[in-house]
Amino acid sequence: MLPFSVVLLLLCATPRPTASVALPFEQKGLLDFGKSIDVEGLMMMMMNDEEEGSAVEEYYKPEQPTCPFGCQCNQNVVQCSDLGLHYVPYDIPPETRLLDLQSNQITEIREGDFKGLSNLYALVLVNNKISRVHPRAFMPLKRMHKLYFSHNQLTAVPKNLPSSLVELRIHDNHIKRVASGAFSGLGSMNCIEMGRNPIQNSGFEPGAFDGLKLTFLRISEAKLTGIPKDLPEGLHELHLDHNQIQAIELEDLRQYESLHRLGLGHNHIRHIEHGSLYYLQNLRELHLDNNRIPNVPGGLAGMKYLQVVYLHSNNISQVDVNDFCPNGFGVKKTYYNGISLFDNPINYWEVVPATFRCVSNRMAVQFGNHKK
């Protein structure tokens, strides 16, 4: 057991619906590390990757000869968190697989800071004061899969990231612009978390995401006024909640046919152009809560796999019988298990029971609690 604790926030015909004290559905399956990383959980991920053969070839495991002063070293894990460090320490054992430097006072990453650490799998730099990264700092890290750089003072995506990188988290920095080719050469990357940066739509240069085959992208709590263009086409999850997006236009989602989960809650959306959701035929979960939408978006009834729809806290005053469920049988492949409509000016007793004929059970529909 590691000697300190940290937190990991882990990323089907019904009768007439009855009023209930409705609470929001909890969004599950989304990792958000906050200001601390669960190093034990990270170790388990590393071990699983190695067992599955996805963490590259075998590496040399000599006896651990040294440990930086004040740090704790155990089983190729070096923990140097909460030590008030101003620089990456010297004498890090070359066989280190996980290096934990979170919650220090580090202001820059220098060229030789990771020299000799070719076996490193994960690097945790969360909650420091890093504003400068030498362009050759990550050159020795030939096998690194995970880089956690959230809660720092970066103004740009670090250059020359390791080509082996699978996961990058740069949440809560000062990044305003992502340059063309910023992620070039990162063909193994499948997850980027870059929310809570003061970035606007114009901050993404053309080609910013070229070469990436992401499945997960989160740009929440930024300054976006629309859905960004030219994001990776193979995305399974796209989270753009807590921005300033005002509308969904016809072409905004055209290229994201693989999406399973789309997060657009807590924006300023008033208008969803008819047909905008047509392309999302594989969508399972749609978050449109806490916007200013006046009606149930068109196209939901034709989405065969959609299971959860968050529409609470909007301006919806009417729900029609075919808003959610298609006409006829054999069209909808999966039943809904969650539709949230509470905190909308809807007279729920006027809603026709057949409206929810393709919902798993009566408890899956939530009304009530409208704030006038």
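Just so it is clear, glycine is given a Cβ too, placed from its N, Cα and C backbone atoms.
In TrEMBL, annotation is done automatically, which means it is predicted and not curated.
Positions annotated as disulfide bond by TrEMBL: Cys67-Cys73 (among others). A sphere of 10 angstroms centred on the C-beta of Cys67 (disulfide bond) encloses 18 other C-beta atoms.
For Cys71-Cys80 (among others), the entry in TrEMBL reads disulfide bond. Within 10 Å of the C-beta atom of Cys71 (disulfide bond) sit 19 other C-beta atoms, taking all shown protein chains into account.
The Cβ neighbour count for Cys325 (disulfide bond), using a 10 Å radius and every protein chain shown, is 20. For Cys325-Cys358 (among others), the entry in TrEMBL reads disulfide bond.
Residues or ranges marked as domain 'LRRNT' in TrEMBL: 66-98.
Sequence annotations record features per position, and here TrEMBL assigns signal peptide to 1-20.
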Worksheet item: Taking just the CA atoms, what is the gap between Cys71 (disulfide bond) and Cys358 (disulfide bond) in Å?
Response: 57
Discussion item. Neighbour count first, Cβ atoms within 10 Å, every protein chain included; then name which of Cys73, Cys80, Cys358 tops the list of disulfide-bonded residues.
Written reply: Cys80
Worksheet item: Taking each of Cys80, Cys325, Cys358 in turn, which of these disulfide-bonded residues have a Cα lying within 10 angstroms of the Cα of Cys73 (disulfide bond)?
Response: Cys80
Practice prompt. Pop the Cα-Cα gap between Cys67 (disulfide bond) and Cys325 (disulfide bond) into the table, whole Å please.
Written response: 62
Worksheet item: Could you tell me the C-alpha distance between Cys80 (disulfide bond) and Cys358 (disulfide bond) in angstrom, no decimals?
Response: 53
